[in-house]
Each structure stands twice: as C-alpha cells, then as structure tokens.
C-alpha cells in the first residue's frame, strides 16, 4: 500500500469498502477500472485492457469508459448481475489542494437500476427481500423507479416460489437462512436470471428494520400502515429500506406507501402454467408477439402497460372486484366516443411514475420537466370526460385524478419550450420568470454586440481583412490572424497561442470585455441552475399527489385498452359465478385467432361443473387442436378473472382459485431430470396442490414412459382428480390412450370428447370441432403425411399397420379363448368346492364328538384323493391356458404394439397360475384349500 501512487492509494482505500462491486473511478472525462475490476469489465464490456503505473513493479491492469456514455456500459454490467459503485470527483480539480476528493455517490445493482433509458418501460424492475425463519418467509418487493412497495408472508417453499414467479424480480436480497431453506437457489438464478445475494445480519435486525420504516414514513407506529400482523414481512420491508439507503445515498421521498397484501386474494399460477399459457412471452421465441399480453395490450402509456401486465400476472378471485372491472369496461364500450377521446388524451402522456422518481432523485433534466408539463396538460381534458361516467371504478379514478394545474403552470412559467438537456450551461429559464436572469442575459447579449464592434474597429485600424474574434474554454476570447497578415499585427497586441497557419492574440480592451461577458455568463449559468433546482424541489414536494394521479391514469389506460380490445375482437362480457360452473359457448383462443384470420378459427363449447361434468377426456390425433382447445379454455377463465371481456359467444365462468397446466415435456438437463421425471414432478405438484376449486389442463399424461406404465398412471390420475373425496377438480384431460374412454361408464363425473375428423380416402381434414364421444382412430400416418414424411416411409407404415391389425384380431380371438377356458375351469372348481363343502358339513353334523379324528381322516383322504385330483386338474387346465397365453403374449411383444387394453386377463392369469403352482397342498386343511380357491375365484370374476 505504501508503494502505491497517491491516486492509486485513494482508489484502493475506496475499493476496500466496496469489495463486492466493480468500482467506476472518475478520472477527468473517464471512469477508470483497475486490477481485477478492469479484467472483468474489459471482458464483459468488450473494451481494451491496458495498464497504468501504480507505484508497484508491475503496471496495474486498467480499462476505462467515457463518463458521458456511462449508462450504456453500466446497464450491460448490471444485466449480467454485477454491482457497480460510482465514485465521483466531489470537488473542482482547479481548486483542489493535492489529490482530488472522491466519494461513492451511489451503488447500482440489478434491482436498483434507475436508468429509465435502458429499462423496459412496460415492465416493473423489482427488488425483492426474503427473510426465512423456521418454516415461514417474509417477503417485500419494491420498484425503485416507480415507488411501488409491498410486503407479505407465506408459509411454504411452494408459495414463496409462486411469489417469485409472479413478480419476476431482477434481484433478491436475503438472510443467510434462506440458503438452507430447501429452495433451489441455482434454479432461480438460471431460470429467471435473478441476482441473489445474502446481506450481513444487521440488515435484518428487528429493531433497526422497524426504526428505518418509522423514520421513512414519519410515523410513531407501523400499525397505522396496516402492518400489525406482519412481523416477518416488516423485517423484509425494513431490510429493503436499509439496502436502498446504503446503495442510493439519496432521498427516497418518492416511496410514499407500503402496501401489505394477502397471496390468497389472487389466483395462483405456477411457473409452468405461466409458461404454457404464454401470458407475457411465447414459449419458444420468448417474444411478446404471440402472447396473451400482445393481444390485450393496447395501452397508451407506460404506466398502463405495467399495470396490465400485473393484472395478467395476478387474476382476482373476489367476485365483486371482478364485476367492478367488468362494469368499467362495459361502460367505456357503451360510451364509445368518450372512450376514444380519452385514449387520444392518454397518448401524449409520458411515464409520470418514473419522471417523478427522477425529479425526487434530482436527476430530471429540463427536457424531462417539459415532458412532464405536456403530460399534465392532458389531465383536465381527461377529468372532464370522466365526470359523467357512473361505474364505481371510473368514479374512483375521476376522484383520484388531480389535474395538477398548479404544477403545470409553474413549469410553463419557468422553462422555455425547447430547453437543452444540460442543466449547468444556461438557456433553461424563460424570460420574465427571474429579473436577475433577464439582467444577466441582457449583459451577455450586449457583450456580443460589443465584441462585434471591437472586431470591426480592429479590422479597420490594422487593415487585417480576415481578422476574427473567437472563443474557447481554455483561452477565452482572442483575436485570430492568419500568417499572411502577421506583418500588420500591432506591437501592442499580446500573443496567446501559435497555430500552424495562424496566431491568436489579446488586447487590454478585449480582456476587459471578456471579464464583463464571462462574469455575466458564469453568474447567469449558476443562477439558472439554482432556479432549476428550486423548481425540481417544488415539484418533488408534490410527489404523493402526482403518484396518486399517475395510478389513476394507469387504471384508466388499462380499462380503456381492454374495452378497445373487446370491441375490436368481438369479445363478450362473461358472467361470473361461485358455483363452480364453467359454461363457454363458441369459445375461441384469443391469440391463435389473431395469428390467423378470424373467419378461419373454429370456435368450441366447454362445459364443466362440480358434479357430472367434472372431467372431460379428450381424444383425437395430433395437430387436430386438442392443446389449443384446452389452452383457450384456461385463457378464457383467466381473462374473466382479471376483469376482461372474453372471446366467446357467451361465457359463464365459475371462479377458480388456481390454474395448473401439464402440457408438453422436455428434458431438464441442468438438473439431470429426464422427460418423464419432469412430467411426473409436475403431475405430483398438481395433485398435491390443486383443490376442488382449481382448473387442471393435462395433456398426454404418461407418454414419457412405456405404454403399459403410462396408461396405468394416466388411469390412476383421472380416478384421483375425478373423485371429490380425493380432489374433485375440474379438468380437461387430453390423451392418446383410447382405453381411458372406458372411464366414462365407470366414473360418474367423467365424459368423453374428441376432435372431429373428416376422412377423404387416405387423407384427413381436421374439423377442429369438439364433439361428444371418444376417437376411434389415431390417424398417425395421415398426420405424418401432413408433416411431410417421405412417401416411401408412409407406404411402409401402412403395410405394418395392416399387419398389426390382422395380428390384433388374432390376439383378440385367443384372448376370448383364454377367457372361455378360464370360465370352464372356474365352473369345475366351484362345483368341486361346493361338493367338498357338503361332504364336510354332513360329516361334521353326524358326529361332533369325533370331530378331531374325523377332521384328520378327512384331511388325509381329501389330500390324497379328491382334493388332489381337483388341484391336479386345475393346474393342468391352467398350464394349458398359460401356454396359450404365452403364445399370445409373445406375439404381442414381437409386434411391439403401442396400445393395449387395460382389461387384458394376461397379468391376472399369470399371477393365479403361479400362485396355484406354489401352493403346499400337503400342509393344507380342506378348509384352507376351500378358502384359497374361493379367493382365486373372486379375483378371476373381478378381472373378467
């Protein structure tokens, strides 16, 4: 340390305080990075790595970026999960004695990035704090750019993950206990691209957290904020507040409220469901186009776009709240002209939430304030249009919408119409706003006139025709003379600078004018900067009024957007019920019908309830539209519960508490899970966490394993979900296992549906229509043809299919023979058992006193003659049947059939024959033999 240069010593002392950050160290017009920071930054930013003499034997690795381009480079590092400490020069180098004083003025992290130019304006940038204690979690979420600040508590890992998926924070801070809570931290980092870090224990100190919140909100008790029942949530919220104070080193006055919320107030959507339903992004391209948000988002403001995304992420389950949103949309559609006028006035409104943040942070420039003013100019017009509207939410919006005319007028009086971006170079304040500014501006203007007069005079006096008076920041004002006129320069002029083809001079008179002009200019710039700061501070004091109005505008924007979408897409208002009935007539997929012509999309009905129509089993070939149909049902329910009109002729939607989807499958190579393991994990999650009020969308359960195992699992899943004593959830279940259609007659709440298909020779046409009944064919070869499989492969496939059909008939015939043989054997066994029973009863009745010896005699006689003959005959018959069965089974295995009947007797025959062979007859009493045979008979009857 002693060997380092003074500048590098200052750098190292600062770096020691911010070890977990890349340090941007201001040197003149650049931010420089050294040592490990330079190596990392040069690689991530793709900039040149150089070296600098630091006093050590080796040069220090170094790289740098221009200070005026810092935000772009900063955002690149933040997006990769780095923290960056900005170290600025806090004194003028001209007046500094020794090394220039520097301080870290802010720390930028993924969750505290304030650069609105690089953030997605349609999406919140959330920072989340998680406090784990025992089996509970305190959660707090804040968006520093908008001031949104929430807290809640959950009691399980699953619920915690649901909240993380809902808010998609860019950064999570937590206590050490979170890392041993059982949550898959690496999965969160990789899947959601979240920066996760634990903080020192003092951030989570109870007293410190409570005190920081009281101080910020200027209250003596947190009970008044509605936080009485959130002891762990308060710790999470307090830790976030302290983290922000440590990183921002600035006022947080724009964070004006802390809202507690209960997770059960909203529909639960796990990460799989959000992906499968493509709510905000498409599954493959990760793009907005093709998602539900793409269809619904016709908002005019950034605030409205963010709120709409939140509505989609958090559908309601309270009927009254849903109805209120629907009322607002309906009224806006009933007043079409008013709605369109409102949307016209919304269009020019800038992002008021993020603008007021910039004002509070003193980052807003003059153009920001002009944009703010132009936005406020729209508010009185919108307020006037809202006045006659009567729905509850629109009346509430009108009440909360403050026209803010005083703030608009203040900015209009102070700032010129087209100001510069820079705040310290003047040209900001409007004429008439400040007397002193007007005086200094006049002096500056007259100074230019004086300079022009002096230039003309000196040109006449010297005869130098091309003489010019110019200015730069280094030399001030000067007279410039080209070399060809040097012989005419008076001796009284003083040389300032020599150039290749000219000389620059000054005179006593020019120096005097320079002092007057530059003095006025410096004073003018300083005064304009002071007045601009005063204006920002005046606006910042009204942050609560501005935020309340901004949120009212966001809601109005969302409702008018949903109304516009409903009208232009022929959506209808859904009826909402609490009886569990989902009755959709001519439902359509909101996204697919936009991707194709509306006239080409085939609508379908859906009917589910909590009684006889709880589970719909849907069969049909691939590409026929099963997945689209199921997804559209889920989306229609979700849209209704977020308060939107829906794509249908009519819809009566029973409120669901959660939607689960199991659609498609893929390997999870990162965690070492196969396709089938991923599938079963998702199924397990659904069966454990769904309720009778949930909606399940299950597609091709069991296809990731063998046919027999897959069918068995699918069968058991349907039985479980359809049974109200076990689960009883409303379910759409698509499958290729046609055997599952047998459940319609066995389970009261299960119904069969299929996709209608029209056959034209070897070709098929998908009619996309859901009809009652099960599909009788898979049409796999026809689908392969549509997919472009070569004709040679298709021809061979048809040949194999024909052979399989022929063998299937043979197998069915042999199975019938097996069943017939079993029936005959059963009859013989029954007759012999009944005969034995009669003999035993007669003998026991005749002589009770000789029971023991008779039993022994019967035992010996029975085993050596009659019973043995029965057993032997039975085994002989079973061996014959088993031999026949083995032939059938071998043939089926040889043909590698993809579908098999659940009602096959093969497995039962094997088990009973094996059991008969293993019976120890010599050690059985007649009663034991009779009971054993009776149980076998029952099993055979149950299986056939």
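Counting begins at 1 with the first residue displayed.
Cβ atoms here come from the backbone N, Cα and C positions, even for glycine.
What TrEMBL says about this one:
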BINDING   620, 621, 622, 623, 624, 625, 626, 627  ATP binding site
DOMAIN    694-710  domain 'DNA mismatch repair proteins mutS family'
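Cβ environment of residue 627 (ATP binding site): 663, 699, 734 lie under 8 Å away, each six or more residues apart in the same chain. The DSSP breakdown of the domain 'DNA mismatch repair proteins mutS family' (694-710), given as helix, strand and coil counts, is 4 helix, 5 strand, 8 coil. In this structure, of the binding-site residues 623, 624, the smallest number of CB atoms within 10 A of the CB marks 623. Counting Cβ atoms from all protein chains shown, residue 621 (ATP binding site) has 22 others lying within 10 Å of its own Cβ. Listed binding-site residues: 620, 625. The one with the lowest count of other Cβ atoms within 10 Å of its Cβ is 625.
For residue 626 (ATP binding site), the same-chain residues that are 6 or more apart in sequence and have a Cβ closer than 8 Å to its Cβ are 618, 620, 699, 734, 755.
The secondary structure of residue 627 (ATP binding site), as reduced to three states from DSSP, is helical.
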